[in-house]
DNA sequence: AGCACGCCGACT
DNA sequence: GTCGGCGTGCTC
C-alpha cells in the first residue's frame, strides 16, 4: 500500500495549475492531513517549494515515479475542506490560479519565503568575481537578484562542475507571539524564612517574594513586572533560586483590546422586526436564501444585523459580517464588540500581519464565533455558519481589482449555499444588480423605509453652478453655500464639505451651459487625452478633436474640469479666517491611524468644517453636523463609465445622510452644473426606487448590467502595437464561440493607455447567455501563457466594476 | 519560477 | 570546431 498526496504547488503559472502527486513517506504518514502546507521538491533541480495538500489517497501501488513529500509545514490543517473546495470554484470563475486563490484566502504569513543557500563542495574552487559571495565552510545565504548577470552565470557554471551546491529553503513566516508566564513555587509559610535570608535593601526581590507567596495562579511576566515595578533580572534571579518557574506561552496580539460592558439589544420598530423575523426563520430552517435589506440612512440596519447575529449564536452557529474597508472604524468595531464581546474577531487591512494571523487563529480554534471584516474576511476559516451579512453591499470595494478578481458578494453566496444559511445584503442604495434580482424574487426584498428616530431626512438644495458662475461668484463655493457655512459658524454647529474627486477627471465641460462632450455611439462622455490632444470614447474607440467652443451654446468657456482639496481648503480659509478646517484626503490620511485621528478630532468638535473626498461620506455619525455641502457633484457623473449615474446617486444619498442625525435638522447643498440630471434630482428627494426604475430603463436601452453580463479582457505590453495585436488575435479566437447576440466593444486602448510604461488594450463582451464563453476564455488564457515570456500580460475580469 | 535541452552566431 | 545566446517545454 502506498499513500499519495495531491499537492497544489506554489508556482503561479497556467501549466502548473493542477494538483501534483507525491508519495507520503512513512515518517509523516500518520500526521499528514488534507489542508496542510508541505514542502515538496519540484522540477529538475528538485528545488524546494511550498504546496498545499488538497487530497490524500491510498493505493495498492503506484506505477508513476513520484517524488516524496519533503516535510510538513503545519501541525494541523490550515485549510478545511470547505475552503479547498471554494478555492477551486474561485479559480475557475475568476480565471485565476488555484494557488493564488489559496494564498488570498489565508493570512499573509502562510505565504512561504524562499531563501537560497550555497556551499562549496570542491575546496580548490576559486573565483575572483565571486570571492565575496562564496562561503568559507557552512551554508551561506545569497540573493541571485543582487548579483550581476556575469556572477550569476559563473555561479551556474561552478554548480555544473559540481564545485558548489545550491539549495532552496522554504521559510515559514507563521510565528505566534510567545511570552513568558511565571508560576509561584512558594507557599505562605515559606515567606518569613526567605524574607529573613534577603538583605534589608533588596526591596524589589522582597516585593516579588511577597507577591509569590500569596499568588499561586500563573501570570504573564510583563504584567508582574509592571505591577511590582521590577525588571526581568529580578525574576530571573528568583527563577534560579527556585522560587518561581517560567514557561513560554502563546499570546494573541489583540489589536482591539476592550473591556467594556456589553450592550443590550435595542427595541425594534415593526419593519425591523419583520426583517429580523424573516432572516432568523431562514437561519432556523437552514435555508440558503439571500435577502436584500433596503433601508434609508438611519433606519437601523445595524441593529437588525446585530440581533440576527445574536440569533445565530443562540442557535450555536457563527456569523460573518462584511463592512467596507473605510467604514471599518473603531466606532464600528466597538459597536459589534460591545454586543458580543470576546466572541468577535476583526479582520482588516490596518492590522499587522501578526495581528491578522492571531485573529485568524482565534477563528480557526473556535474562540471567535463572529467575524467582522473587510472584503477578504469572507474567507474566514469559520465553521458552522448561521448567517452572512454584507453591509453597504453596493460598495465597489467588495470587488478585488487584482487576481483573483472576485466579488465578496459571490463568495458569500457560495458559502451561504455550502452552509445552508441566509445571506443578508444591506444598503440604503442597493446596487442595481442586487435590486434587480430582488425584483425577480431571486433575492427577497426587505424594506426599512423610516428613520428610527422619526426624524425627517435632511432638506437637500441643489445649487445651479452655471448661474452662480455667471454672477461672478467664487469657482468652488456658491453664495448660498457660503451663507450656510457662515450661519453654522455663528451657531457653533459643524459642517462637512465633500469634494468629489474620483482619480483624475479628464473630461470636458462647458462652464456656461454645463454641456459635456459625449460619444455619438455610446452616450458616454469622451475622455480628454493630452498625449495626442484628442477626445476619445473608451467603450467603442470613437475619437474627435478637442472642441474650441461649446457645440451647444458656442461659448468658449469649455474646458477641462477638475479641482483639488488643497486649493479648496485655501479658498475656504480665505473666506472664513476664523474657521477651524480639517482636511481629509489621500494626502492627509496616508499614515496609519491618521484617518481615525482626524475623525476623532472632528467628533470632539475641535474643528468647524471637515473638508474631504468620498471617504467622509461613509457611515460617519456626528450629531453636531447640520450642514453638508457637495462642491462638485458632476465629477463622478461624467466619468466615462456606465455606472457613473449610479455612483453619483449613491454618493449623494449617502453624504446627505450625514446631516442632522441627532435632534438637529440637517441641510444639504449640492453644487452642480447639471441640476436637471436625474441622478441629482432623485438624490435630492432621496428617492431610491425612482432612481432604480429610471436607471434600469437606461441600462436596458444601452444593454448594460444588470440586463447583460460583462467580461473584460485586457492585454498589456510595453509596445502599444503588441498589446493591440494581441487583443485582435484574442477577439478572433473568441468569435467562433460567441453567439450573434453577444456584443463586443473594442479592442480599444484603456483610458490611461500607458501605465508604468506599458500599453493597455481591452475588449469588453456584453452577453446574456453564452454557454461556450467560459471554456473559450479559459483556453485563451492557457494559450496566452506562452506570451507571458514575451512580456504580454493577459488579464480577464468577469463583471468588472469599471471599464477604465 | 527555474532548469534543461536545443539550435544558431562569434570566438579560441 | 566550441562557447554561450535565449526560445521552448516541463516540472508529480
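Just so it is clear, glycine is given a Cβ too, placed from its N, Cα and C backbone atoms.
Nobody curates TrEMBL annotations by hand; they come from automatic prediction.
The annotation Zn(2+) 1 binding site is assigned in TrEMBL to A:510, A:513, A:550, A:553. Taken from TrEMBL, the feature Zn(2+) 2 binding site applies to A:519, A:522, A:537, A:540. Annotation comment: TrEMBL describes A:282-448 as domain 'Helicase ATP-binding'. The annotation domain 'Helicase C-terminal' is assigned in TrEMBL to A:545-712.
In this structure, the CA atom of residue A:510 (Zn(2+) 1 binding site) is 16 Å away from the CA atom of residue A:519 (Zn(2+) 2 binding site). Taking the Cα atom of each, residue A:519 (Zn(2+) 2 binding site) and residue A:550 (Zn(2+) 1 binding site) are about 15 angstrom apart. Candidate binding-site residues: A:513, A:550, A:553. Nearest to residue A:537 (Zn(2+) 2 binding site) by Cα distance: A:550. There are 16 other CB atoms within 10 A of the CB of residue A:513 (Zn(2+) 1 binding site), with all protein chains counted.
The residues near the Zn(2+) 1 site, meaning same-chain residues not in A:510, A:513, A:550, A:553 whose C-beta sits within 8 angstroms of the mean position of the site's C-beta atoms, are A:511, A:512, A:514, A:515, A:551, A:552, A:554, A:555, A:557, A:558, in sequence order. Other C-beta atoms found within 10 angstroms of the C-beta of residue A:537 (Zn(2+) 2 binding site) number 24, with every protein chain shown included. When other Cβ atoms within 10 Å of the Cβ of residue A:550 (Zn(2+) 1 binding site) are tallied across all protein chains shown, the result is 22. The least crowded of the binding-site residues A:510, A:519, A:553, judged by other CB atoms within 10 A of its own CB, is A:553.
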